[in-house]
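Features of the protein shown, as given by TrEMBL:
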- A:17-37: transmembrane segment (TRANSMEM)
- A:49-71: transmembrane segment (TRANSMEM)
- A:83-105: transmembrane segment (TRANSMEM)
- A:125-147: transmembrane segment (TRANSMEM)
- A:219-239: transmembrane segment (TRANSMEM)
- A:270-295: transmembrane segment (TRANSMEM)
- A:307-333: transmembrane segment (TRANSMEM)
- A:353-375: transmembrane segment (TRANSMEM)
- A:399-422: region 'Disordered' (REGION)
Amino acid sequence: MAAATHAAAPQRDLKRFAWPIGYVAVILFLFFLYFQILPSLVKPVSAPVLAWLPVATINECLMWAIMALGLNVVVGYAGLLDLGYVAFWALGGYTAGWLMAFPFNWSWDFHLLSPVKATTPGTHINFWLVCIAAGILCSILGLFIGAPTLRLRGDYLALVTLGFGEVITQFFRNSGDIAGFNLANGDPGIGPIDPIGTGPLGAAGIAPPLLTNSAAGNVWKILVLGLLVGICIFVSLRIREGRLGRAWLALREDELAASMMGVPLVRVKLLAYAVGAFFGGIGGVANASAITTAVSPSGFDFGKSVLVLLMVVLGGMGNVWGVTIGAFLLSWLNSNGLKQIGVQIDSFAGTDLAASLPRYNYVILGLLLVLMMLFRREGLIPESRTKALMSMPSRTEAESLGADSLEAEAETDAVEHSDAKADAKIAHSADVMAGAASAPSPSPRREDES
Amino acid sequence: MATASLVVGGTQRKAKVRLGPLVERVLAYAVLAGILIWFVANLVANPDRFIGSLLVGLQNGLLYALVALGYTMVYGIVELINFAHGDLFMLTTIIAAGLMVSLLGVGQVTVVTILPLLLALVVCMAAGGFINMSAEFLAYRKLRSAPKLAPLMTAVGLSFIFRGIAQQEYVNGSAQKNWPITWGGPQVEGVFIYKLLMVVAVTVPLLLLMTWIVSRTKMGKAMRAVAQDQDGARLMGINVNGTISFVFGLGGALAGAAGVLYFLCQTQTYYDTGTQLGLIAFTSAVLGGIGNLTGAVVGGVAIGVVQAMNEGGAYGLGSDWSQSVVFAILIILMVFKPEGIFGRPTTEKV
């Protein structure tokens, strides 16, 4: 076994490192673009770039990418439609509000590796620890909403999650007085929330010690949020390859068949919720700490859930890269793009769209969702698996063509094809085994590949 | 050896969480008993408020029933939860407001306003039916053979479009809009009797009409046939597309009627009404057993009464928590009786 993996290693290793290198290159390029290149350029060159793609928008895009990757686990991988994903975003944000903000209710002071001054009152915990705490809290919440919906089919599930998203907002809206206890300050919300600290970099004077919403802070946030997105992408990709990921895909294609093949539905579904919620919690903390610097219930409406869902659908459900790009596109459109397009049209046509176009963002986003569903259901960058499924004629279509034979033919083709592949694999591994006959492990099967 | 590895794979695990039928039944009865005790406690503590809440509950419940019927019929025929239905209802409240207050100048609701009311009903029902049928024609029809997720997301997109339209300043704006409509006449425990009468007078005939259409007419027969088996119905010479269109139109018309009544009762319009009321109405439909018309009505009234009791009763949590209460009902229902009161448990076929 060890020998087999070693023999195949050189080829796989290069491929394995391809995307992290590319990703780090992109993030570093973005960082240096705003840190070094743009300020040194003349105004006519840098101004349009800054107008179309300000640093704050990049940060927002990165934050939304975390959310979209999280929802992608639930909707794209496991096929469980979640319309209340905003709940995790909200809970993550409020965790940040509880653990890294000036007190609104509690009288104790507590500091843990926090970048803010030690004399500041309130609870102040390090950003990364809060991320983990929020992730865990949200996972538990995810298990809680997952549990009663396990017996439901997809459409009921969507409604229960929608209801859950609505109720969590209501909960935080009423949280100023829960049986006389002020849990989360009700409608005004909690703020200001601590910015991200830079630790040693800040101490060395390279970066500002606190990444506030200033020009300098925003540039450095690209790196922090980029790292978070990178972790999310890594986890998404790795999980998909593993046993759990394949169980999710099976669940998505056909729940009944999956359970017949021995996929433990309860555990797999709950884990999908928990993992998706973990990402959502991190996204919530990132949003509260780096983007809005305050949390209030009015920010967590149904529209946000649909926005994230749209990112997943637009990019291509199940495809990590598609989803990331979908998140970038839509959050850019939502925060800056529509306005900028309006400005551009105005300068050509002399209209007044810059002010009115952003107001139509709900209509435009809804229209986009409907059109995507009608004309390109697989998304901009579809998963290879989905593409194959979509190109196959549906059963009724094939039957109406009077072509049971056609289906049979396709099946034989598939079997032969897969056989050829498997044969090659077996032959290859046989060669390897023959080459290393003294391999210590007699079993060529890895547990997760059986 | 082989069987042992299968167990690790999880084949012998149960696919669904079941606490055992007996425990489940006992728990379900406990929940029912709890609700009953809560009602009795409310009655004993403050009979006046109990009566008032009951009347408000009836009034709202009938409106919920109208909206729930739209959900339940569409679900019954194409197995789609029409998320946009609540927002369609919201649009009709805005149409009703514009028509009655801005165009016809209704201020005080009296006997004279029956004519504008009838006009608004006709217009809003037509508008609701038209919008719903167009949505079906433009969006859902092409997705009928697509995976379940696709029409569901289309519905979400449509609901987003409706909300976006309502949020425009020239339609309704992002804030709640209060309209100058006043009610007169006798009151019982703060409930305007004429309001209740109006709701009953409009809703009950509509519900009877609906039952008649579904159970007695040729179209109703076609609807039931299409709901059972679309291909079979097509082979029998039924116009499947036309029938489904008709059902969407019917649902939209009911939502339109509910929109007029809701606007007159609440005298305000808000772009988010659809999400909130849609959730309530859907819960009603599930409570009664989705696909079942009588069930939707019973469920709507039941939810209306529970919600009103929560808001106005002596032991209620207040209107701040009404969404949460409805949602709790939905969850409890999902756990104990997903098929609803009148529904039959379904088994999945391969």
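Heads up, the Cβ atoms here are built off N, Cα and C, so glycines get one too.
Model, not experiment: these values are computed from the prediction.
Spatially, the transmembrane segment (A:49-71) is not adjacent to the transmembrane segment (A:125-147); fewer than three Cβ-Cβ distances between them are under 8 Å for residues at least 6 apart in sequence. Only residues 6 or more beyond the boundaries of the transmembrane segment (A:353-375), in the same chain, are considered here, and those with a CB under 8 A from a CB of the stretch are 303, 306-307, 309-310, 313-314, 330, 333-334, 338-339, 341-343, 345-346.
The highest tally of CB pairs under 8 A with the transmembrane segment (A:17-37), across A:125-147, A:219-239, A:307-333, is held by A:219-239. Take the transmembrane segment (A:307-333) and the stretches A:83-105, A:125-147, A:270-295: counting Cβ pairs under 8 Å, A:83-105 has the most.
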